Amino acid sequence: MAGRSGDSDTELLKAVKCIKILYQSNPYPKPEGTRQARRNRRRRWRARQRQIRALSDRILSSCLGRSEEPVPLQLPPLERLHINCSEDCGQGPEEGVGSSQISGESHAVLESGTKE
């Protein structure tokens, strides 16, 4: 795996094998029995899946050394965001749906909404 030492690769592979065994130990329930019995089996299966998912997250985070909480993505303030069509302006409507051309009328509507 790119950028990793061989030793951590083997640790990661062991962790992935362990997680695979956890998931294989909880097969989907068989569709037999009364409706209520099937519903109860599925409910218990989903609860076990949630536990396995939590265990898998803990195993991977300890193996990879990453934090439990996701790192928040820093976004620029909305006032600084704008639509720039300087590259694509001048192309006709035959370019298709993906065209980023903005008409003067819609640009005025966008401008009036941001001045409030």
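Backbone N, Cα and C atoms are what each Cβ position is placed from, and that goes for glycine too.
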Annotated stretch (motif 'Nuclear export signal and binding to XPO1', per Swiss-Prot) among the listed ranges 13-24, 73-84: 73-84
Motif 'Nuclear localization signal and RNA-binding (RRE)' range according to Swiss-Prot, out of 34-50, 51-67: 34-50
Surrounding residues of the region 'Homomultimerization' (18-26) on its own chain - C-beta under 8 Å, 6+ positions past either end: 45, 48-49, 52, 55-56, 59-60
The region 'Disordered' (27-47): DSSP-derived helix, strand, coil residue counts: 13 helix, 0 strand, 8 coil
